[in-house]
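Summarising the annotation, TrEMBL assigns transmembrane segment to A:6-27, A:34-51, A:63-84, A:96-116, A:136-160, A:189-210, A:222-250, A:257-278.
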Amino acid sequence: MSLVFQSLVLGVLMGGLYALLAAGLTLYFGVMRVVMIAHSAFLVLAAYLAWTFTVHTGLDPMLSLLVTVPLFFVLGVAVQRLLVARLRPATLTMMSVLLTFAVALVVEGMLGFVFSGTHRRIPLSYSGARLELFGASVALVKLIAFGLAVVTLVGLHVLLKVTRFGQALRATMQHREAARLLGVDTDRVAGFGFGLGLATAAVGGTALALDSTIYPSLHWHWIGPLMAIIVVGGLGSVAGAAVAALLLGVGQNLLQIPLGTTWAQTFFYAALFLTLILRPQGFFGGRLAQRF
Amino acid sequence: MDLAQRMRIGALGAVAALLVSGCFGGRPAEGGSGGDGPIRIGVSLPLTGDFSEPGKGVQRGYEAWAKHVNDNGGLLGRQVELTVLDDQSNADRVAADYEKLINSDRVDLVFGPFSTRLVIPAAQVARDYGFLFVEPAGAAAEVFNQGFDNLFYAAPAVAQDHYDYLAEAIIAMPEATRPQTAAYAAMDDPFAQGTANGLKEKLAKAGVRTVVDEVYPPNTTDFGSIAAKIADSRADIVVGGTQYQDAVNLIVALRQLNYQPKLAAFSTAPTNPEFPEAIGAQTEGILSPTGYTPKADYPSNKEFVDFYTREHGAAPTEDEANAWTTGQVVAAAVNASGCADPSPECQRKLIDWLHGNEVQTVVGPLKWDSAGRPQGAHLIQQYVGGEIRIVLPADAKEAELVYPKPAW
């Protein structure tokens, strides 16, 4: 029983982190129909920046967010304006896969060049610290990562629902031409949407680096599960991605008990296949994906 | 003769025909690069991708060996020249790389790549062309079950035997303190899993019950649930069949769950110089098998450590040592046979010589069985007083084995 409860707690914490890591992916697709293979490469880049920051300043890696979040936002706008916006609309989705695949390789290559292939881990005095919660152990770093996920996702939600920019972004997501007719500068909004997605990668990468060993090719291990999450959650829906991430995280951790790690990992892909067969628009998202 | 082999030989024939007809120009078709020119050695290494870190270590070892040989008058009086290709940790690519090295680059000799997963396809190509294949990093049982007669593993022991001295020490403990239960977690990788399985079989036979036996894919990023299973079992000892990042992540996850085993052993990671940096102060008592230590007093080792340290400013690790050992083994065969060219006669002479002789290397004297398995065992190291020291076997130890292990 205690193992089940422990796994449940670990699953929820892991799901929270997965939701944060996947949020950007679903935004890019929602706003621009861009399949952003390089998202996880940027996560790893943010993780390396957090590592560099802590190693050189001795300060907590979370303080690096003050620099990396705005930096990644600007970087995102630049990537959208300079690269993605040049793709032809008719083949945007397909070509964006190729383009961002190349971007991922460039980021990985640069990381290898600058930081070498050596596996890195942020030296944290509290990396092994834990709290007891009804008999389950909760690692402090996992709790902090979960907290970062909640704050970021709630912030994103509020931004999309309440602000004018959020309205413009959602209008662009729903119907680009109609939004343009109503005076929304959709190109600008698309650039900001991309920047916003990449800004979440800065937070996600830092959260990831708190409890993981990082190396330049790590992003290939992440992109598959993250893609599965946004498809199950419904492409373009941040809330859908969050629900899907939590369910898949918990499901994987619980299945791990009877099935072992290898089979538990296939759970993501089984969920992906079932979604594509039964409900291609995703289980928790809007109607967006129906058109694709 | 299987289809792949026929195709390879067919391709070889086609390349030879092109060369004879002069299409390629340049080098003549027969005789390779024999004579007084440099001895050209081809190698493919995972310089990018999953194995890039150890791959680069092996590259440093090969390059240091080549420089050392050249500084000392070369091999058979000829300089050696390395051609290094990057296989991106990809098994398809490594086979194509060796095809290219042998067929179009026309190297005189080849050295093996890093990792069991790359050694097997590479050795296959080398065998098809009759090349000697000495390799620094294919320790898993599978490597030696393929019927290669041209392959030699340049290290003291195969994966199954890495924990041998630890198994003996545990079995020799008095009944009252001997561990009763064990948890194993191993990466689904022939080498990593092989190390854990070797110990598991020996301990299970001696009555130590296996309570967790977890295998995880190499792309596993979250070790929380595996750690939860191990912690829940309250096993007396935990054994990892690990590479680097998985061992580090698993150890931290176990600590986060406050699991305190009496003994914790992980292959590969703890001997890596980055390990204490990654784990922090809680390395005390962690065990690891290792095939190499810079402190070993084998005759050529001091020369190797001095030369390498001069060149790189740091002592060599196991990856560099295994690469250097590969160079030593091939050099011994070349010197004894008096030839270094791609002709089947020369390669056969080199292979036959290694089957019948012992070679003195930086990891000790090596000799092999007919499948290329080295006949030795690994040293066991442990973090004692903040430093990694040899604790087993008794005749090589620098410190006493600490058991039970202090809390982490």
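The backbone N, Cα and C atoms fix where each Cβ goes, and this holds for glycine too.
Ranked by Cβ pairs under 8 Å to the transmembrane segment (A:136-160), the stretches A:6-27, A:63-84, A:96-116, A:189-210, A:222-250 are led by A:6-27. By number of Cβ pairs under 8 Å, the transmembrane segment (A:257-278) is matched best by A:222-250 from the list A:6-27, A:34-51, A:96-116, A:189-210, A:222-250.
Between the transmembrane segment (A:222-250) and the transmembrane segment (A:63-84) there are fewer than 3 Cβ pairs closer than 8 Å, counting only pairs 6 or more residues apart in sequence, which means the two stretches are not in contact. Most Cβ pairs under 8 Å with the transmembrane segment (A:6-27) belong to A:189-210, among the candidate stretches A:34-51, A:63-84, A:189-210.
Simply put, out of A:63-84, A:96-116, A:189-210, A:189-210 has the most Cβ pairs sitting under 8 Å from the transmembrane segment (A:34-51). Under 8 Å from some Cβ of the transmembrane segment (A:63-84) lie the Cβ atoms of residues 32, 34, 42, 46, 49-50, 53-54, 57, 96, 99, 103, 190-199, 201-203, 205-206, all in the same chain and six or more residues away from its ends.
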